[in-house]
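Novice: After the C-alpha cells below, expect a handful of questions from me.
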Amino acid sequence: MELLYASCVGILVSCGVFLILRSRTFPVVLGLTMLSYAVNLFLFSSGRLSLNKAAVLGNSTQYADPLPQALVLTAIVIGFAMTAFVVILAIRGRADLGSDHVDGLVLDKNSDKKNDKNKKGKV
Amino acid sequence: MIQHLTSLPVLLPMLAAVILLMPPCGKSIAIRRVASVVLSIITFLASLALLLKVQADGTQVYAIGDWSAPFGIVLVADPLSTLLACLTALLGIVCVLYASAGDDDKGSFFHPLVHFLVLGVNGAFLTGDAFNLFVFFEVLLIASYSLLMHGGDKKNTRAALQYVIMNLVGSAVFLIALGVLYGVLGTLNMADMAQKVSLLQGDDVYLAKIGGLLLLVVFALKGALLPLHLWLPNTYATAMPIVAALFAIMTKVGVYSMMRVYTLIFGDEAGELSHMAQSWLWWLALATIAMGTIGVIASKDLRKLAANLVIVSVGTLVALVAVQTVEASSAAIYYLVHSTLVTAALFILADLIGRQRGNVADRITAGPPIAQPRLLGVCFLIAGIAVIGMPPLSGFIGKVWLLKATLNAEYTFVFWPLYLLASLAILIGVSKAGSTIFWHHQGSVQSNATENAGQERVHPAQLVALIILISGAPLMSLFAGPLSEYAIDAATQLHDFNYNIKVILSGGQ
C-alpha cells in the first residue's frame, strides 16, 4: 500500500510540476490542481497509513490520527477557493492581454495574426 | 472582555469586513468610508490595548475554544507579535484613509478587502500554531490577490496572474513541509514542535530538516528573498500605490515567520538541527541586498524604486535573522518597523507625485512641475533621508544598530562593505530620483500654468495618511530610547526558549 500511495503522490507531483512549467495558463491551472491533489494525499499520509481504523476515540482499541484528516479538509477547501480564483483570473488574463501566455507575450506568429483578426473583427 | 483581548486584533478586522459588506455600508460609499476608518481605528486601539497589557502582564496566551496548548490552536501575544499587530493596524488606518480620497471607488469591495488583509496579517503574527499560520497566510493572500486587481489595467492582470501562480505553488510547498513536520514530530503547535525537535533520532532528523528547509522556501517566497524575489517589483509597481503601501507589511510576514521558526523551533535548543537555516539565510540575504540595490539604481519610476527598496529591506532583515543573537534580533525589530513605515510612505508619495505630473506620472525624467512642490518635496526629503539611513532620522539609528549587531558575525567582512556600498548606491538612486522629479522641469511656464489647473491637489485625507507615515521616521528617532528598549525586550523574549515553552504550553500563567 505504501508503495502504491507514494508512487501515486510522486506521479501527481511530477505531472503537476511539468504542467506548471508550461507557458500557457490552462496547463498551468491544471498543474496547480494536480499539485494540490498530491499535497492533499501527502498530508493525509502524514498521520500514517492504516486500514480499518476509525478516527473516533473510544470505539476501538486502535484508532487513526484524526488531525491530518482535519488538515486535509482545510487544505481542500482553501485549494478549491484558490483554484476557482486562478481560473477566473486566467480567463480575465486571456481577455485583457489577448493571449493565454502566463508572461502575457505572444510568441507564436500564427496566434498573433489570429488575435489581430479577432481584434479587427470586434472593432 | 479582558481575557479575550488577545483575540481582538484578529476578530475585529473580520467583524469590520463583515459589517462593511452589510446593507447600510454596502450602499453608500460615504457611509462605507466613515465606517471603515472608524473600524480600522478601533482595531488599532484594540491592538494598542493588547500591547499595553502584554507590557504590564507579560506574554498572553489565548486558547481558541478553550482547547489547551498542544491540542488546540493558541494565539500568542508576546511583545514582538503585538508590536507588529499594532503596526499592521496602523497601516490599515493609513490605507483606508488614503483610499477614501477616491481610490476606493475604482472597484468594488475595497474596504472589506483591506480589513480581511489586516485580519490575515494579524492572525499570522499572533498565531502559535504552524498550520494556523498557513491558514492565515491564505487569508491574507486571497485578500491581496483581490486588492492587487483593484482598479487595475492590463499590466496589472499579468502581474497578478504571475503573483497568484507563484503563491499557489508556495502554498503547496508549505503544506508539504507541514505534512513532513507533522509526520515526524506529531504536533503542529510551535512551542511543542520546538520541544520535540531536540528529541529526534536517526532518519527522522533528516526528515525534519527537509521539512524545515521547505518552510524556508515558502518564507523566502513570501518575503521575496533572492531567487524567489522576481515577482515583487512587478507586482508592487503595477498594484495601486496605496495597496502596495499596505503590502509593505506582507513581505515582513515572511521575515517574521523566519524569525519564529528558526529561533524557536530550529534555534539553540534543537540539538542536531539547531541553526540549520543560518548559512542559507545569510548568503541569500546578502545576495538579496545586492540585487535590490542594483534594482534601485536601475529603476525608471518611483514605484519600482520603492519596490526595490522593499527588497533591500527584506535582505537586511533576513541577514539579521541569520545572525541569531539577541542584539541582531532587536536591531531587526527596530529596522522592521522603520522600513515598513518608510517604504509605505514612499509608495504613497510616488502616487501623489505621479498625480501632479500629468502624463509623465512617476517616471524619473524631467516633466511638468509639481503643483505642491514644497509639501511633497519636504515629505520626499524626510522619507529619502530615512530610507537611505542618514542622520538624524530612524534609518540612521537602525543602520548603526544593525552594523553593530553584525560586528561579531562570521562573515562580517563581506556584510559591512556590501551593506555600506548598497547604502551609497541607494543614496545616489534616491537623490537622483528626487532631484530629477523636483528640479528638472520641461515645457514653458505658460503651458504649465494651464496644466496645473487640471492637476489634482493633495486631498486632506491623503495628507493625513501621508503625515502619519512620514512622522514615523522622526518620531522613531525622537523616541529611540524607549523603542529600542522595547525591541531588546521583545528580542530577549523571542530567544528565551524555556520561557516560551513554559508560557505557551501552560496557557499563559
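One-based numbering along the chain as shown.
From the backbone N, Cα and C atoms, a Cβ is placed for every residue, glycine too.
All annotation found in TrEMBL is predicted automatically rather than curated by experts.
Annotated domain 'NADH:quinone oxidoreductase/Mrp antiporter transmembrane' per TrEMBL: B:129-414, in sequence order. The annotation transmembrane segment is assigned in TrEMBL to B:6-22, B:72-97, B:109-125, B:131-148, B:160-185, B:237-259, B:279-298, B:305-326, B:332-354, B:375-398, B:418-439, B:460-480 (among others).
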Novice: For the transmembrane segment (B:6-22), could you work out the same-chain residues 6 or more beyond its ends whose Cβ comes under 8 Å from its Cβ atoms?
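Specialist: Contacts with the transmembrane segment (B:6-22): 32, 35-36, 39-40, 42-43, 46-47, 49-50, 60-62, 64, 75, 77, 82, 85, 89, 92, 109, 111-113, 115-116, 118-119, 122-123, 126.
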Novice: Under a Cβ pair cut-off of under 8 Å, which of the recorded stretches B:72-97, B:418-439, B:460-480 contacts the transmembrane segment (B:109-125) most often?
Specialist: B:72-97
Novice: Using Cβ atoms and a strict cutoff of less than 8 Å, what residues sit near the transmembrane segment (B:72-97) while being 6 or more residues removed from its termini?
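Specialist: Same-chain contacts beyond the ends: 6-7, 9-10, 13, 33, 36-37, 40-41, 43-44, 46-48, 50-51, 53-55, 59-66, 111, 114-115, 117-118, 121-122, 125-129, 132, 189, 242-243, 245-246, 248-249, 252, 256, 259, 333, 336-337, 340-341, 344, 348, 461-462, 464-465, 468-469, 486, 489-491, 493-494, 500, 503-504, 507.
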Novice: Take the transmembrane segment (B:418-439) and find every residue of the same chain, 6 or more past its ends, with a Cβ under 8 Å from one of its Cβ atoms.
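Specialist: Same-chain residues near the transmembrane segment (B:418-439) but 6 or more away: 286, 289-290, 292-294, 296-297, 299, 302, 305, 309, 312, 316, 319, 353, 357, 362, 364-367, 370, 373, 376-377, 380-381, 384, 387-390, 399, 402-403.
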Novice: Short question: which residues 6 or more past the ends of the transmembrane segment (B:460-480) have a Cβ under 8 Å from it?
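Specialist: Residues packing against the transmembrane segment (B:460-480) from afar: 90, 93-95, 97-98, 100-101, 245, 334, 337-338, 341-342, 344-345, 348-349, 352, 375, 379, 382-383, 385-386, 392-397.
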